[in-house]
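> Quick paste of what TrEMBL says about this protein:
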type	residues	note
BINDING	HIS75, GLU125, ASP151	S-adenosyl-L-methionine binding site
DOMAIN	85-284	domain 'Ribosomal RNA adenine methylase transferase N-terminal'
REGION	47-74	region 'Disordered'
Amino acid sequence: MRGLAMGLPPRLALSVLAGRGPSCILGFGAATRKDWQARNRRGFSDFYMQPLPDSDSEESSTSWTPRNRSEPTRHIACKKSARNLVRDLLENQNPSRQLILECNPGPGILTGALLKAGARVIAFESEKTFIPHLESLRRNVDGELQVVHCDFFKMDPRYQEVVRPDVSSQTIFQNLGIKAVPWSAGIPIKVFGILPNKHERRLLWKILFDLYSCESIYRYGRVELNMFVSEKEFRKLLATPKRPDLYQVLGVLWQVACDIRFLHMEPWPSFSVYTENGHLEKSKHRESLNLLKQNLYLVRMTPRRTLFTENLSPLNYDIFFHLVKHCFGKRNAPIIHHLRSLTTVDPIKILRQIRKSPGDTAAKMYPQDFKRLFESIERSEDSVFKWIYDYCSEDMEL
């Protein structure tokens, strides 16, 4: 069973694609949207889900040496930074009513600060070495803490028919008592983490697919991400046509899906770096360590309440992805040329509806322009698509 329909437009609550990942759409033929919907592309299923059976010093002096890590990892080390993060995460809300999911907290500097503020925290820690200390933080604190031995960034792997319970968000969240809320409701969960440098871009793609398909953590509503990312990915996420050198498909799709807000930059000394032996100067991962010695940018990505409409949904988001990717394939070509390759709908009529000139290029279109373009085509009664969608977008380096 996929996704959550609560809060979506009535037509979208009827069915959802049951398979995982991109697929081939319509082959070389052409069909109306009505005909296409009648085809069982991946198999359809009901969209409604069934009920899911400390010291005061500014720097931490405690030394933690996790073993068997494949690459160096970063954790919050500065207690002043942790207090600032608590302010960012909790804002002016009642801490006891806000659920914070912390990814790989390590020695628990931020975890302790959140608990002292009275927050409800679920710590997803992949390294067993840290778990006893994290569990000990429950004592003498005002907040609530649950510790899960799991790597958040490896949950719900795509393209696997059977997902192990220890990496299944559905199983884990059920055990934690987390329940889904309507998409139209508020923010049920806030996630905090530091994206692993080695797989940063791939993870951004994976999470994006989960968001648009209402899978994984997004089964439970509009989950808000608060993530530290590298400067490189930060600038690409927020890029607009004013920065053509940074403006790419991934940023367009994220900006359509979420309200992205830059919170602050954190210098790299605020983070501790742990390697297999705990000694940076003797680590075999010198190249990785150089990458880790970079300032990180904290961004908040809040899914838009209005993301899903009658014309853009978990049912057809992959077509929208293909449209944007196709347009960026030749970003300086007139958009009308792309439309003639993608659809038999009158491109002049479509461009007039979204108030764009036939000579405009993809490089000059803002993220919301792409959404309006797609929805205009979808609204057309004779919308006929003739593209082939046989690539894996998660692997695109765009």
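Keep in mind that glycine also has a Cβ here, set from the backbone N, Cα and C atoms.
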> If you draw a 10 Å sphere around the Cβ of HIS75 (S-adenosyl-L-methionine binding site), how many other Cβ atoms fall inside it, taking every protein chain shown into account?
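Result for HIS75 (S-adenosyl-L-methionine binding site): 21 other Cβ atoms within 10 Å.
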> In Å, how long is the longest CA to CA span across HIS75, GLU125, ASP151, which the record gives as the S-adenosyl-L-methionine binders?
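Largest pairwise Cα separation, rounded: 14 Å.
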> Just to confirm: which same-chain residues, 6+ apart in sequence, have a Cβ under 8 Å from the Cβ of ASP151 (S-adenosyl-L-methionine binding site)?
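Same-chain residues close to ASP151 (S-adenosyl-L-methionine binding site) (Cβ under 8 Å, separated by 6 or more) are ASN104, PHE124, SER126, VAL167.
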> Can you count the other CB atoms that lie within 10 A of the CB of GLU125 (S-adenosyl-L-methionine binding site)?
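The answer is 25 other Cβ atoms.
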> Within the domain 'Ribosomal RNA adenine methylase transferase N-terminal' (85-284), what mean pLDDT does the predicted structure show?
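PLDDT averaged over the stretch: 89.
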> Given the recorded S-adenosyl-L-methionine site (HIS75, GLU125, ASP151), which additional residues of the same chain have their Cβ within 8 Å of the Cβ centre, ordered by sequence?
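So the extra residues in range turn out to be THR73, CYS103, ASN104, PRO105, GLY106, ALA123, PHE124, SER126, GLU127, PHE130, PHE152.
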